[in-house]
Amino acid sequence: MEIAYVAVIILFCLGIYTIITKKNLIKIVFGVTIVESSLILLLMLVGYKPDGTAPILDKEYEIVVDPIPQALALTTVVIGGSVTAVMLVMVIKIHRRYRTLNIDEIRKLRG
Amino acid sequence: MINIVFYLLLLFLIITAFFMVFTKDLSNSVITLPLFGAILVIIFVILQAPGVALAGAIMTAGLTTAFFVITINKTEY
Amino acid sequence: MSRLNEVFKKLYKIGLVVTFAYFLLFLFYDIHNLDNNRKRYLSAHYISEGVQETGAINLVASVLYDYRAFDTLGEATMILTAATVLAFLVPISKATTFGTTFKSIVKQTVKLILPYLAVLGTYLILFGHVSPGGGFVGGVVLSIIAILLTITYSVEFSEYIVKPDQKKLVEDIGAIGFVLLGLLGVFTGSNFLANGQAYFGTGNAGEVFSAGLIPFINVMIGLKVGAGLAIIFNSLIKEK
């Protein structure tokens, strides 16, 4: 399971790279979504134990995975969706005012 | 056996993320987003987290894609 | 010369990101080397004592709605804030519709699906403490009913079926009901949002009517999340 941490690092850095280099505003929101997904994957990996069962204890159990990161991640998913909606409404507002989504031209228009 | 499936899914996850970022057409990357979410859901099920998998299946693969589609519909005309 | 400058800038950014990845590698190496069993007193306590203390066999629900219920109150406030910000940003104007109209196959199929969605959402909310699911997931499923009505028919029809004032009222009922259920713990002589410590009769673990306050808090969270996401989606559609 150690290689999975490398995957988390690649996804996180890909999201950061998208945020700092891409010109389109919608692509930047895609980058934020990728960063969120990688952090949720990191929480799941921290809570995982080998040969563990899911934290629903209706039968006999020996090893149970950690329930606290799952409780954190469950709210993070829903909150992340609503925050993404707020960002997209901001994008629509900017497009209605400046008639463009290119971030360089928006900076130029501000003077 | 489950380890091989897990590593293959991680590889697919990274490939879809790179395709989503580096493709030129914006509608291509929007259509790749539910694929990314679905692969993430299977990884959560393998990591023994059924509640998070349910939430991810509905939010990341469903509603967020609808938000992006509406935004592109309203900004490109 | 300016082309060389651009290439240099791009290489500079790529180098920054690669350096950042290199430092994250060391950080995660330390995280992975944490001793898995020795340093997690809290998780061990929740796993061994959680079912007896709260009566819910879904440990995620017992952490969310009993031990750490105060944090859940803050996280539910986030959705209220997002819905409020969107309702503030989007002016009350005439709704704009999509370019295409659907054929009758889509409309009949959606009409057929809607009752099953309502049953699925209610099941996920009410059985949140004995199976995977809970208020957050069930609320999202309930909000999909209003969203499907908006997409297939129009905003006017969707707001004729479920009025915007009704959605805001349902969301406020969810928010206020959560706080009132929390105050119930204060009146019985314990802490705010106490459930297992206040002796509400946790019942037999594994049945539907058990676990004290957790099913009621699930219902409140479900109402709040469902109404909030429906308001957010309709605001996004109305923005032209």
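If you go along the chain as it appears here, the first residue is 1 and each next one adds 1.
Glycine residues also receive a Cβ, built from the backbone N, Cα and C atoms like all the rest.
Just so you know, TrEMBL annotations are computer predictions that nobody has curated.
Look at TrEMBL and you will find C:12-29 (among others) tagged as transmembrane segment.
The domain 'MrpA C-terminal/MbhE' annotation in TrEMBL covers C:27-89.
Residues annotated as transmembrane segment in TrEMBL: C:73-92 (among others).
Sequence annotations record features per position, and here TrEMBL assigns domain 'Na+/H+ antiporter MnhB subunit-related protein' to C:105-229. Shown for the domain 'Na+/H+ antiporter MnhB subunit-related protein' (C:105-229): DSSP residue counts in helix, strand and coil, namely 87 helix, 0 strand, 38 coil.
Sequence-distant contacts of the transmembrane segment (C:113-130), counting only residues of its own chain at least 6 positions beyond either end whose CB sits under 8 Å from a CB of the stretch, comprise 55-58, 61-62, 65, 137-139, 141-142, 144-145, 148-149, 206-208, 210-211, 214-215, 218-219, 222, 226. Residues or ranges marked as transmembrane segment by TrEMBL: C:113-130 (among others).
Taken from TrEMBL, the feature transmembrane segment covers C:136-155 (among others).
What TrEMBL lists as transmembrane segment is C:175-193 (among others).
For C:213-237 (among others), the entry in TrEMBL reads transmembrane segment.
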Within the domain 'MrpA C-terminal/MbhE' (C:27-89), residues counted as helix, strand or coil by DSSP: 50 helix, 1 strand, 12 coil
